[in-house]
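Noted in Swiss-Prot for the protein shown:
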- M36, R78, L116, E157: substrate binding site (BINDING)
Amino acid sequence: MTENALPLLSAIEWLPEPSPLLTASLLDWLLEADSMTRRFEAHCQKVTVNLLREAFISPEEIAAEAALLPPEKQYWLREIELCADGIPWLVARTLVPESTLVGPEQKLRQLGSVPLGRYLFASSSLTRDFIDVGQSAGLWARRSRLRLAGKPLLLTELFLPASPLYGSLAKENT
């Protein structure tokens, strides 16, 4: 599913606020202000990261996301699969402007198999500008512009079918 899910990150249809599609249990997951890694850890034994891609990419490769970040010559891209007990629950794409990668934020390029949330939410300088909610191929997604010490990065997360988000929807519908 993961290889097939990566292209879905670029095909997400972002919903207007408010949308009648957004139930209370969906909003509880999609508007989570804390670390999604931490939220997942409450539902499994172990959360791990499978690193799918890390590289500098050009502005042409970020298409619609460019409007949400400052113009740069290149951006650091990190695409991962977040697994719970070995089962993929989420794919994520992080875009970091090159100008963000100075000072302590250089560590964003060296996370490897460390979940982004563990790094971000350990910082006292983390803020979030917004959370957008959307869908792609029937799967739910969210997008956030976060700031570390005022420097932006964009995180897009797509919840895979095994994610507990969908379990909460099933309970809501019974």
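Cβ coordinates are placed from backbone N, Cα and C, and glycine is handled just like the others.
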For M36, L116, listed as binding-site residues, tell me which one has the smallest number of other Cβ atoms within 10 Å.
L116
What are the non-local neighbours of E157 (substrate binding site), defined as same-chain residues 6+ apart in sequence with CB under 8 A from its CB?
M36, L90, V91, A92, A141, R142, R143
Other than M36, R78, L116, E157, which residues of the chain come within 8 Å of the substrate site, judged by Cβ distance to the Cβ centroid of those residues?
T37, I80, L82, L90, A92, R93, T94, P115, G117, L155
Cβ contacts of R78 (substrate binding site) (under 8 Å, same chain, 6 or more positions away):
L51, R53, E54, A92, R93, T94, V96, L108, L111, L116
Under a three-state reading of DSSP, tell me whether L116 (substrate binding site) is helix, strand or coil.
helix
